[in-house]
Amino acid sequence: MGFHCELAGAHGRRQLLYSLEVEDDGVCTAVVSPQGYECQEYEVTQDGYILTMHRIPQGRGGGSAGKRQPVLLQHGVLMDGLTWLLNPPQQSLAFVLADNGFDVWITHGRGTRWSRRHESLDTSDPAYWAWSWDELASFDLPATVGFVFQQTGQKLHYVGHSMGTLTALSAFSEGKLVDKIKSAALLTPVDYLTYMTTPIGRAAASAFSGEMLGALGVAEFDPKGAVGTNYLESVCAMPGVNCYDLMASFTGPNCCLNDSTVDMYLKYELQPTSVRTLVHFTQTFRRGVITKYDHGSSMVNMVAYGQSSPPEYHMPNIPHDLPLLLSYGGGDMMSDVKDVQLLLNDLRNHDADKLVTQLVKEYAHLDFVMGVNAKQVEYDGLIAFFNNHS
């Protein structure tokens, strides 16, 4: 079986924005600088993993002197920081923020193309992949937020998409980051997955297929590699799963994607992650609660957590005065409206003037970061939210 990646709802001319090869030339040379923006690259080491960050310190026209408000952009699962740069400058959040006076910092999660190095481990070593999103919340996010805080001397605004919302909220619930964050904008929050309707996600979770990969000794999940391709083919062959439109099978029917952006996404995105991360997501789906990773053994859990079962993340523990913007889509099959309502129920005691919610009925999972009209629908309000909490 081969995958046919027709994308319903995409529109526009098919003309790739970047002519240079991102893989060879890197983000600054291939993507940011050709658009007329200054670009800087940094490395942050935490827990042995060497993470790359990119910075757009000012807008295309330069801008006024003085300190700009830093904002950190954290991508979702199976993606990297290029997520925020796929559209033309007037439509890509990283560029829009820079042009509106912000100092923009872009992360690339461990295991993705620009953050695959480690102080002692190679990506071919299963030990390199011995992490789930727990470690992203406990190590990587505090490291990158702390680095920006140290470099700029300022508290920062945060934008997370998909898994980037989960790691942030999990960290907030344990009191991490809150002393360095001014506010957080959470696009398509995926904390609860009980009502997830994405056919691929539900089929994979119900079949325990992530656990089976782990049992076979597979530690890295690369959706473009042989193992990833075979895995997706097996899931797509399950009854009731139609992968004719592969992207929609993952995310829901995105309304507002440009063909050229889809081309860029398919060419440059779909990044590796750990099998353990996928298993962790399926545990959340099956159990209906948000816990740390279950190692599948009471003894191993006892060593890791001091108890036989993994502890829960308690979202009501998020400081009630931390400004939060939650934006979610009516067509999103990964972050279902009913699951977002479960999260909002956890936040019911949040200070009323510190919690803003927005339902975009026509949007699905990727419209928030790749939609051609996202600036008008989403980003203008996000910038106003940040300015209100600066």
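Note: Cβ is positioned from N, Cα and C throughout, glycine not excepted.
Whatever TrEMBL says is automated annotation, not expert-curated.
Taken from TrEMBL as is:
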- SER162: active site, nucleophile (ACT_SITE)
- ASP332: active site, charge relay system (ACT_SITE)
- HIS365: active site, charge relay system (ACT_SITE)
- 31-87: domain 'Partial AB-hydrolase lipase' (DOMAIN)
**Complete:** Looking only at the domain 'Partial AB-hydrolase lipase' (31-87), mean pLDDT returns 92
**Asked** What are the DSSP helix/strand/coil residue counts across the domain 'Partial AB-hydrolase lipase' (31-87)?
**Response** 10 helix, 23 strand, 24 coil
**Request:** Tally every other Cβ atom lying within 10 Å of the Cβ atom of HIS365 (active site, charge relay system).
**Result:** 28
